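Only one structure is covered here, and it is reproduced in the block below.
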Amino acid sequence: MKNQLIDRLTRYTTIDTQSDPKSTTTPSTEKQWDLLHLLERELQQLGLPTDLDENGYLFATLESNIDADVPTVGFLAHVDTSPDFNASNVKPQIIENYDSKPYKLGNTKRVLDPKVFPELNSLVGHTLMVTDGTSLLGADDKAGIVEIMEAICYLQEHPEIKHGTIRIGFTPDEEIGRGPHKFDVDRFNADFAYTMDGSQYGELQYESFNAAEAVITCHGVNVHPGSAKNAMVNAIRLGEQFDSLLPDSEVPERTEGYEGFYHLMNFEGTVEKATLQYIIRDHDKKQFELRKKRILEIRDDINAHFENYPVKVDISDQYFNMAEKILPLPHIIDIPKRVFAKLDIPANTEPIRGGTDGSQLSFMGLPTPNIFTGCGNFHGPYEYASIDVMEKAVQVIIGIVEDIAENN
C-alpha cells in the first residue's frame, strides 16, 4: 500500500488549495475546486455516487454490504491548506528508511532536525514525505484525504470485509475556521463521524478548546505633541495598558495540557486609533466564560478614568469543547479504542490545544472526534508525513467500519 499512498499524496499535495481568510466566498479560493473536482472524478471512478454542492462540500457514499441495520459512519477531511506559508509549487521529497539525522530541505538553508523536532526520533526506519524547504507540504489535511480514499479502495477490492453505510466528506476552508459553516448535517446523513485531521501516531481526540475572539478598539485624541499635556489620549498606549492587565503566565508560550490562555494575535494603530485582536482559549467552560468576563472588566477599569469611554470590546464565540457532545455517547470513542487495541496502537487521548471541524460539527448534531494522520510540523516548510503511520491510519478506518458491522 505504501506506493499507492505516496503516489496519491504526491498528486494531491502538488495542487495548490490554500484558503484565504480575507475572502468572503465559499470556498474562499477558486483553486480549492481543482482538488474537489479531481476527488469527485476519482470517487465516481470507484463507483460511488457523489454530491458536490455550490459551496465546495463533496459528499459520497459507499453502500452497506450487510443486511443488518447498523449506524452510518462518516469520515471527513479538508481540502484547503494553511494561509500561513507559501503553498504553491509544492515539490514533495521522499526520505526512505529515515535515520533521524538532520535532513537538508532542498536547496534551502532549512534543516529538518530531530533536536528541534524531537518527535522525529519516533519515526526511525519510516518512509517520510517532506518539502523542498520552499513551501508547506499540505499533508494537513491531504494525508487525511489520502487515507480515506485508500480505505475506500481497499474495501472495494475486499468485499469480504463487512461494513454498514459509509459517508465520505471533503470540505473547504477548515484552516480559516469556516469548514463547517455551510456543512449540511442532514444532507451528510451520518449518525457520527471522524475527522482524519490529527497529527502523531495514536492520537484519538475528543476534547477541544472553547474558543472566542476579542477585538479591542482604543480611541485616542490626537493633539500636537508640543501642546499635548492633559489633552492627548494615545490609543497605542491604551492598547499597551490593556494588554498589561492580562496575566503574563496565561499565554500560549507558557501553557500546556488543559491550561487556557489569551493570545494577542495582532496589534496595530496610531495615536488616534489602535486595534488589538485576541483569541481566548480554555477547555473548561466556566474558566472560558471567566476569561471573557475578564476582558470586559479590563475595558471597564480603563474606561473609568475617562469621560468618553475610549475602549470598546467586541467578543465573538468561535467554537466549543466537543467533549460536551461526545462524552455522553461513549460508543463513538469505544469503537476506535477497540480498533487501536487490535492494531497495537497506543491511544493518546490528550486534549486538542486547538479545534477541528469536529468541534463545530459536534454542536451542529454530528458528533465528530479526530484521529491521527501521521503528519507533523503543519503550516510551514518543516511539515512532513510518515507513510508508515498513514498506512496505520488506513487500517484504523477499515477497522472502524468492521467494528460497527460486528458490534452494531
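Every residue gets a Cβ built from N, Cα and C, even glycine.
Under the heading Zn(2+) 1 binding site, Swiss-Prot lists His78, Asp140, Asp197. Contacts of Asp140 (Zn(2+) 1 binding site) defined by a Cβ separation under 8 A and a same-chain sequence distance of 6+ are given as Thr81, Ser82, Glu175, Asp197, Thr373, Cys375, Phe378, His379, Glu383, in order along the sequence. Look at Asp140 (Zn(2+) 1 binding site): DSSP puts it in a helix.
Under the three-state DSSP scheme, Asp80 (active site) falls in the coil class. The active site annotation in Swiss-Prot covers Asp80.
Feature annotation from Swiss-Prot assigns Zn(2+) 2 binding site to Asp140, Glu175, His379.
Reduced to three states, the DSSP call for Glu174 (active site, proton acceptor) is helix. As annotated by Swiss-Prot, active site, proton acceptor applies to Glu174.
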**OP:** Please name the residue among the recorded positions Asp80, Glu175 whose C-beta has the most neighbouring C-beta atoms within 10 angstroms.
**Re:** Asp80
**OP:** Show, in sequence order, which residues other than Asp140, Glu175, His379 on the same chain lie with their Cβ within 8 Å of the centre of the Cβ atoms of the Zn(2+) 2 site.
**Re:** Thr81, Ser82, Asp84, Leu136, Asp141, Phe378
**OP:** Within 10 Å of each Cβ, count the other Cβ atoms, then let me know which of the recorded positions Glu174, Asp197 comes out lowest.
**Re:** Glu174
Subject >> Set of same-chain residues at least 6 away whose C-beta sits under 8 angstroms from His78 (Zn(2+) 1 binding site) >> reply: Asp141, Gly144, Phe170, Thr171, Pro172, Asp173, Glu174, Glu175, Gly179, Asp197, Asp357
